[in-house]
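Copied over from Swiss-Prot, here are the features:
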| type | residues | note |
| --- | --- | --- |
| ACT_SITE | S73 | active site, acyl-ester intermediate |
| BINDING | K237, T238, G239 | substrate binding site |
| SIGNAL | 1-28 | signal peptide |
Amino acid sequence: MMTQSIRRSMLTVMATLPLLFSSATLHAQANSVQQQLEALEKSSGGRLGVAQINTADNSQILYVADERFAMCSTSKVMAAAAVLKQSESDKHLLNQRVEIRASDLVNYNPIAEKHVNGTMTLAELGAGALQYSDNTAMNKLIAHLGGPDKVTAFARSLGDETFRLDRTEPTLNSAIPGDPRDTTTPLAMAQTLKNLTLGKALAETQRAQLVTWLKGNTTGSASIRAGMPKSWGVGDKTGSGDYGTTNDIAVIWPENHAPLVLVTYFTQPEQKAESRRDILAAAAKIVTHGF
């Protein structure tokens with residue numbers, strides 16, 4: 001099995017196949033996926049990045065997967081996971097209460113705004129951040145951890161040398177083309193999401209909690225989930241920002257198949273461009289076809 005980085009002009013499907021499949025068949029399959037993703041990207045007018053890991057054999061489908069994209073709210077997975085990691089050595093941590101003040105509220109607070117002048121537990125903040133993309137909840141998690149650099153430090157502890165969180169909500173969503181702040185690559189995020197949800201990065205209880213939060217996400221019905229059969233299980237975290245940046249990262253459980261980890265990042269050249277969740281759904285359908 002070989003591994004290659006894929007730029008815009010190339011997409012490689014890496015797999016261990018039964019001997020009855022010829023190299024010509026593999027080449028044709030790779031070309032088909034490449035052509036479909038290239039056509040999708042061209043029609044969108046934006047920049048698309050995709051990374052999928054098939055955990056049955058660790059084969060990968062990669063498209064522009066080593067270029068940086070603004071993470072936007074997909075970074076909330078790392079912050080929540082960092083708090084879960086802390087809870088491995090403090091069984092009471094997730095019940096710790098955090099004060100919510102009116103001055104804490106930012107641009108999107110569907111859960112936190114209901115608790116102004118009250119408190120939320122760290123567990124409630126994690127659920128709010130991941131399942132409702134509550135930005136105040138994310139900021140409270142970041143503050144608890146000690147700042148954006150501590151979220152980055154947690155990523156480094158997992159072996160992720162690419163992820164970087166520099167700011168809090170909502171400024172981390174500026175997604176300025178070429179700005180390295182608050183970015184990662186599709187491949188790096190896919191590998192880390194796999195480690196967090198299916199690997200050993202978290203203890204079993206904490207890993208199960210993260211998966212539960214992701215499966216309960218309420219914001220992803222038009223993104224990766226829209227490209228999946230209804231019978232498949234999906235846990236995901238969406239994100240959006242300026243320049244029409246539209247993201248979704250997911251763990252997928254196809255019927256009768258090992259899980260897939262899929263990252264889809266998309267951005268556009270105009271600052272006020274509209275989100276394009278349909279592009280993510282289409283990309284997901286392309287790369288999961290045949291499972």
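Indices start at 1 and increase along the chain as displayed.
Positions of Cβ are set from backbone N, Cα and C atoms, glycine also.
Other Cβ atoms within 10 Å of the Cβ of T238 (substrate binding site) number 27 in total over all chains. The number of other Cβ atoms within 10 Å of the Cβ belonging to G239 (substrate binding site), over all protein chains shown, comes to 26.
Proximity of the residue listed as 'active site, acyl-ester intermediate' to non-local residues of its own chain (separation of 6 or more, Cβ distance below 8 Å) is seen for S133, N135, M138, N173, K237, T238, G239, S240, N247, given in sequence order. DSSP gives G239 (substrate binding site) a strand state.
Note: the substrate site is recorded as K237, T238, G239; in the same chain, C72, S73, T74, K76, S133, N217, T219, G220, S223, D236, S240, N247, D248, I249 also have Cβ atoms within 8 Å of that site's Cβ centroid.
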